[in-house]
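Now, the feature entries from Swiss-Prot:
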type	residues	note
ACT_SITE	Asp28	active site, proton acceptor
ACT_SITE	His175	active site, proton donor
BINDING	His80, His84	divalent metal cation binding site
DOMAIN	21-214	domain 'NodB homology'
SITE	Asp149	site 'Raises pKa of active site His'
Amino acid sequence: MTAPALLCEVHGERDDGTGRPSLYLTFDDGPHPFCTPEILDILAEHRVPATFFVIGEFLADQSKLIQRMIAEGHHEVANHTMTHPDLSDCEPRRVQRQILETNRAIKMASPGGGAAHPRAPYGIWTEEVLKASANAATHAVHWSVDPRDWSSPGADAIVNDVLQSVRPGAIVLLHDGCPPDEMQQGADHSLRHQTIMALSSIIPALHDRPLCIYTLRLLGSSEDPMDIA
């Protein structure tokens, strides 16, 4: 039996009339009460959408941020598990719970939404995680560009890494928060400062290429036919 596919890039043209190749900005580990609003502000300034892979445990306290993402009309809320465990260490039932409970939390915060594409914490995928994604009729989403912004390499390093690595169909990994077990008291305001600074330079540079930035919302939809690699 063939294992379910893992999406690292999106191939194929979007039928939006622009004729420009696509690119996908994604953010992991939020929503964060200070970092996520700043990232949303930058995206709004440049009229750019993004896909946010959220941690379910945060949603009860940060439901207004999820509602803002939805209200702005073009962002996607996706699934980064309930507590951000290494799923390769989890029994199959726990893997299912991590994904399904996060889907429920997302739907509670944004009623009317469908099942959310999952992304495995740390990018560690197992056959069980891929099966759980397929059973939920979603695509397991990885990435093709990772500037390791979580390690705070400097805003310029983040910008350079992204711009040197992107190509049409690329899925870019950035972070707007951090896992629950990595939260450091007193560091909230500066947590993703480098990512926020870098994003203000990355978006205009991508537009100059030119590349069109989209969400992953319509993957697999007849409205938006694409080939998945």
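Cβ coordinates come from backbone N, Cα and C, glycine included.
Structure coloured by features recorded in Swiss-Prot.
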residue	record	Cβ within 10 Å
Asp28	active site, proton acceptor	26
His80	divalent metal cation binding site	29
His84	divalent metal cation binding site	23
Asp149	site 'Raises pKa of active site His'	25
His175	active site, proton donor	23
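With respect to Asp149 (site 'Raises pKa of active site His'), the closest of these recorded positions in Cα terms is His175, chosen from His80, His84, His175. His175 (active site, proton donor) and His84 (divalent metal cation binding site) are 13 Å apart (CA-CA, integer value).
The separation of His175 (active site, proton donor) from Asp28 (active site, proton acceptor), Cα to Cα, is 5 Å. DSSP assigns His175 (active site, proton donor) to a strand.
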